[in-house]
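The structure follows.
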Amino acid sequence: MTEGNNMSECDGAAEDAVPTDGPAEEKKESWDSTEAVPEKAAASGADEVEFVHPEGGWGWLVMLAAMWCNGSVFGIQNAFGILFLSLLREFGGEHDDDLRFKTAWVGSLSMGMIFFCSPIVSVFTDILGCRITAVGGAAVGLVGLLASSFVTSLGPMYFTYGIVFACGCSFAYQPSLVILGHYFNKRLGLVNGIVTAGSSIFTITLPIVLSDLLKNVGLQNTMRILCIFMFVLMLAGLTYKPLLPVKSTNTQTGSWCPPMSQVFNINIWKSLGYRIWAFGVPAALYGYFVPYVHLMNHVEERFGQDASKEVLLMCIGITSGIGRLIFGRVADYVQGVNKVYLQVASFFVIGLMSMMIPLCNIFGGLIAVCLLMGLFDGCFICIMAPIAFELVGAKDVSQAIGFLLGLMSVPMTVGPPIAGFLRDRLNSYDVAFYLAGIPPIFGGAVLCLIPWLEARRKKREKEAASKEQDASQTMLGQEKSQGDGQCKNGESVV
């Protein structure tokens, strides 16, 4: 009896130290781990279930809805130049320089507010979801655009068109980028290329449509017709059915208020790669939009007012759409954060093309420059969302995109006026275009650090995981040897 008890105790100790394959032991371990930390076990089990993107199905309809969103939002914004002339005729005269300056701020304020509101939109997207945020934003945009059609002076237009309509567009636009990550992973680059190509298609076709509408029905009725675009945008937002797990908004105290960590997601700023990206992209944009704003005036000064400057805009729009489709597909074959190199290449080419504009003394050369600029403009735009997904993950991507767009609003607003100031001082756009090429090249050089830093981070994490695994194996070996020693001592006593 004494020998049997000693052997039983030794066997039990050895079994506790080294888990066996027996069903009884597996059941015992499972019960113990569940009893000790049930919530943690459940959470870890939920995390282990990997989400599989459908890569199609309902996602194709979501893609078309997001494409309409990009097209209607930025198509209307980019066509403001057509509305600009009608606003001048409506509220004064085309040759009133003071009125031209004040009217131009309506469009600038509207474009700036779309990006400036993005951090706020990302918070609403996290809390309310993509569908409610997008539909609500489209409704606000519709109200702002409809109210603008009844305005009879320039002052209220700043509020109705520059703020209300633009804020609605911002709330409708950003969820269209986030929701794509719920349905696509391997095809995310291609899908983003198709979606962002919508703005190119609308930018090319909408000015023609608006010109005919303004001639036939007038400014007010044209804006009311544009409200149809926003109404369809509301219907498009209803297709944004989320698939990824929604973050819980319930706190431990039972309050209806979401936790502060959800209102302001600090996880995105823990990533050094994202911090560099959020600095490098806005830094590049200080010169990025200068050619798009001042190219037409430069052409008139260099080649005369009879030059076909509209052809240049058409070249940029067409090749930008082609670039979004091509590079969106290419991005799907580039692994991980190496997608950043595509964005680096786009900034380098756009910076060089900006510097080439003053050197083009032949109109055909200027067309070639615009074709290349548009192609790589499409590259830059279509891979923004895929890079954000790579840097912070799908759960944090809404605020990652939101804060980046918010930071982009500053250079988009400041860069072109600085170029205009240089032109007024120097009586030429040449220096402005030369200087405009520097920020994209500088920003692209900064972004080159991201793949290198991310590779080092993953290497450190792999080494740390390997050391932890080795330590756990060593500990198990020691426990096994101690158990064997106890058994031998028990046998010798008997």
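Heads up, the Cβ atoms here are built off N, Cα and C, so glycines get one too.
TrEMBL does not curate its annotations; it predicts them automatically.
Quick paste from TrEMBL:
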REGION    1-39  region 'Disordered'
TRANSMEM  60-85  transmembrane segment
TRANSMEM  105-125  transmembrane segment
TRANSMEM  132-152  transmembrane segment
TRANSMEM  158-181  transmembrane segment
TRANSMEM  188-210  transmembrane segment
TRANSMEM  222-240  transmembrane segment
DOMAIN    266-494  domain 'Major facilitator superfamily (MFS) profile'
TRANSMEM  272-291  transmembrane segment
TRANSMEM  311-328  transmembrane segment
TRANSMEM  340-359  transmembrane segment
TRANSMEM  365-389  transmembrane segment
TRANSMEM  401-419  transmembrane segment
TRANSMEM  431-453  transmembrane segment
REGION    461-494  region 'Disordered'
COMPBIAS  461-470  compositional bias 'Basic and acidic residues'
COMPBIAS  471-484  compositional bias 'Polar residues'
DSSP says what for the compositional bias 'Basic and acidic residues' (461-470): how many helix, strand, coil residues?
10 helix, 0 strand, 0 coil
Suppose I define contact as three or more CB-CB distances under 8 A, residues 6 or more apart in sequence; do the transmembrane segment (132-152) and the transmembrane segment (222-240) meet it?
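By the criterion, they touch.
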For the transmembrane segment (60-85), name the stretch out of 158-181, 188-210, 272-291 with the most CB-CB pairs under 8 Å.
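Out of the listed stretches, 188-210 contacts the transmembrane segment (60-85) most.
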Check for me, if you would, whether the transmembrane segment (340-359) reaches the transmembrane segment (431-453) - at least 3 Cβ pairs under 8 Å, residues 6 or more apart in sequence.
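The answer is yes, given that the two segments have at least 3 Cβ pairs within the 8 Å cut-off.
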Using Cβ atoms and a strict cutoff of less than 8 Å, what residues sit near the transmembrane segment (401-419) while being 6 or more residues removed from its termini?
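Contacts of the transmembrane segment (401-419) (Cβ under 8 Å, skipping residues fewer than 6 from its ends): 108, 111-123, 125, 174, 177-178, 268, 277-278, 281-283, 285-290, 293-294, 384-385, 388, 429, 432-433, 435-436, 439.
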Counting only pairs 6 or more apart in sequence, are there at least 3 Cβ pairs under 8 Å between the transmembrane segment (365-389) and the transmembrane segment (222-240)?
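They are not in contact.
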Kindly report the helix/strand/coil residue split of the compositional bias 'Polar residues' (471-484) according to DSSP, in that order.
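Secondary-structure breakdown of the compositional bias 'Polar residues' (471-484): 14 helix, 0 strand, 0 coil.
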Hey, which of 222-240, 272-291, 311-328, 431-453 has the most Cβ-Cβ pairs under 8 Å against the transmembrane segment (158-181)?
222-240
Below 8 angstroms Cβ to Cβ, which residues of this chain, lying six or more residues outside the transmembrane segment (431-453), approach it?
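The answer is 272-273, 276-277, 279-288, 290-291, 294, 298, 336-338, 340-341, 343-348, 350-355, 357-358, 391, 411, 415, 418-420, 422-423.
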Report, as numbers and ranges, which residues of the same chain sit near the compositional bias 'Basic and acidic residues' (461-470): CB under 8 Å and 6 or more residues beyond its ends.
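Contacts with the compositional bias 'Basic and acidic residues' (461-470): none.
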Cβ under 8 Å to the transmembrane segment (272-291), counting only same-chain residues 6 or more beyond its ends: which ones?
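For the transmembrane segment (272-291), the list is 337, 340, 343, 347, 350-351, 353-354, 357, 373, 384, 387-388, 391-392, 400, 403-404, 407-408, 410-412, 414-416, 418-419, 432-433, 435-440, 442-444, 446-447, 449-450, 453-454, 457.
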